[in-house]
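Pulled from TrEMBL, these are the features on record:
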| type | residues | note |
| --- | --- | --- |
| BINDING | Q110, E161 | Zn(2+) binding site |
| DOMAIN | 1-101 | domain 'VOC' |
| DOMAIN | 107-231 | domain 'VOC' |
Amino acid sequence: MKLLRKRDIPEEKYTNAFLGYGPEDTHFVVELTYNYGVDKYDIGTGFGHFGIAVEDVYKTVELIKAKGGKVTREAGPVKGGKTVIAFVEDPDGYKFELIQRASTPEPLCQVMLRVGDLDRSIKFYEKAYGMQLLRTRDNPEYKYTIAMLGYGPEEKSAVMELTYNYGVTEYEKGNAYAQVALGTDDVYKTAEAVRQAGGKLTREPGPLPGINTRIFACLDPDGWKTVFVDNKDFLKELE
């Protein structure tokens, strides 16, 4: 990844870094946050992983090992399938799944979160967030079901991977993973749509102090946070 920008907010005692495989106005990126004086967090059991599409998982794993990275699952076909994957961990314990895929415009391609009721989550993400259900896959042998949702095909855009483990309805979220951010042309209309769909607003729509970018924050039925950001304001912020 490339460091795209860094932002220090001393009055709020935190620093952000934005990293990805292309500019923020056209790509999905990771936002890393350092809170002054805090060097450890609890990731919990609910957050799954980020997904990164690469053309050669075997080669990428060797490069990561050579640079001191931690590989937790060696490269090889996924259980019960043919797709080649591997898992690595960053220094804070966040998991990244490497997925072998032909050249893609969006290498940072997935965020996996665990949910307690998959049908409920699918309906919410469709109705409240306007996402499309791209596919589902049930794995009775390993007792889990996944659903892929997003705003475009998996091979071209980042998607949400929601995982339901048979019989598990609640997870510990810890305090490390924060949110997914999505763009919208009208934070006020989108906030009302989310409210109508049963979403819980944790921050009413309006401008951020000091930046003036309009946002709102909400929770899905499992308590996962999403922040919606005004598209025009975001472009001004980047400028």
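Numbering starts at 1 and runs along the chain as displayed.
Using the three backbone atoms N, Cα and C, a Cβ is placed for every residue, glycine included.
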Secondary structure tally of the domain 'VOC' (1-101) (DSSP, helix then strand then coil): 10 helix, 50 strand, 41 coil
Report, as a single number, how many Cβ atoms besides its own are within 10 Å of the Cβ of E161 (Zn(2+) binding site). 23
Residue counts in helix (H, G, I), strand (E, B) and coil for the domain 'VOC' (107-231), per DSSP? 21 helix, 54 strand, 50 coil
If you average pLDDT over the domain 'VOC' (107-231), what do you get? 96
